[in-house]
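Single-structure report; data block below.
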Amino acid sequence: MSTETKPERRRHTRWGRIDNGKSLIIHNSTKSFLGELKMLASRAYNYSDDDLGSRWGTEEDKPFLPPPYVDLPPGLTPSQIDQFLREQRHDELARKITSGELEYVDPEIRPPSPPPVYDKNGSRVNTRDVRVKNSMNEEYNRLVEYLLKNLPGFVASADYKPLKKVRKIIIPLDKYPDYNFMGLVIGPRGCNHKRLEAESGAQISLRGRGTVKDGKNRDHQTEEDAAMPMHVHITADKEECVQRAVELIEPLLDPFHPKHEEFKRIGLEQLALVNGVALGVVDIGRCSICGGSGHRAHECQDMPVQNIPRVEVKCALCGDMGHITSDCKLAKGINVSHLVAQQYQDPSRPVKEVKAVQPAPTDPESVQKLQQYQMAYYQQQYQTLQYQQYYNQMQQYYYQQQQAQAQAQAQAQLQAQAQYQYHMPQYVQPAEPVDDPIQPPPPEDDGVMPPS
């Protein structure tokens, strides 16, 4: 059985036949038409997927269009021109923010993107769209604040919310790793932190790595703040408050600043005052009750609060002052109503008389418990008395030390003053000139005095 090979099929066109799909065989064509077809054939042969693109051309072929020219009226001052341009920019940003249009920067002049930041769910929170939108909102808020301050009669939109000014100061832990900047900024029991906030009018907080212990709540700072190095976070409604806070905090973060040692000394003095330790500096004008200055202890307004008599609620069974008779553990199975009634009728009645009224317990276990409670009460009273005596002795010793230090300091000042007066040269004040009554007055005719 013989096998016959079929001839290869050729694809025909109305212009001619294509040999192997690469070259054209053209019959009865002019030279110009032949050249055009050869060009089309070469394009078809070299065609690839990389040639897919915009049907209108590439991005590089786009012609440059300059910004529109704004025809300003003549006679405007530079400040008026600046205000006019700010108003136009404000209207443009308001329209774009309302419509959701974003202003992307030219890729050739765009700054490099920051490292990605992700939230708890793994979503990126600093994408290009988010950064562009935040920058537009910041510029819009700056323009609104400027127009509210400098343009009379300007009214912001109803959805406008003024943003707080934020400043972050990185703590130089890389240069001084063993320095306690956090303790210096906060101060003893937050005294320095409160003083900084009161003087600057801004909210100051410490954020970043190392400010929150593992497992603690971090709701007061964002994920971006928690990922940053340790820094001082300053927020305020006005830029002046932020700048004032920066001027107060920068000396604390520089150990070689002239004011650094002064702030450190103030912090140690505050710590000593909080802990009740004398530093050799006797503040005579400070009240010993409230700690304020300008009045003495006997003139303090809080003194009556300290002298309120304590309510003496005392149990009639065990003598303890921590609970009433009906709540006592020894009152189980005992009718204490008559004891309570006697206490209400005669509050000044001593406990011993009340105890004599009650029937003595006959159960050995109850008797043993009563003895234990009474012994514990007597021990507690004895310890309280000993502590009160020890406290009075220590307070008297402390006052004696303060008085001795004050006397020594006053004596040293007197000696220094006497030594200064001894070495100081004597200054004799010149005598005032006295008019000589014997000297005759000058003549009135020529006004020349006669020679002496």
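Cβ coordinates are placed from backbone N, Cα and C, and glycine is handled just like the others.
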Feature region 'Disordered' in TrEMBL, mapped to one of the ranges 5-32, 425-452: 425-452
Composition by DSSP (helix, strand, coil) of residues within the domain 'CCHC-type' (314-329): 4 helix, 0 strand, 12 coil
Local confidence of the prediction over the domain 'CCHC-type' (314-329), expressed as mean pLDDT: 74
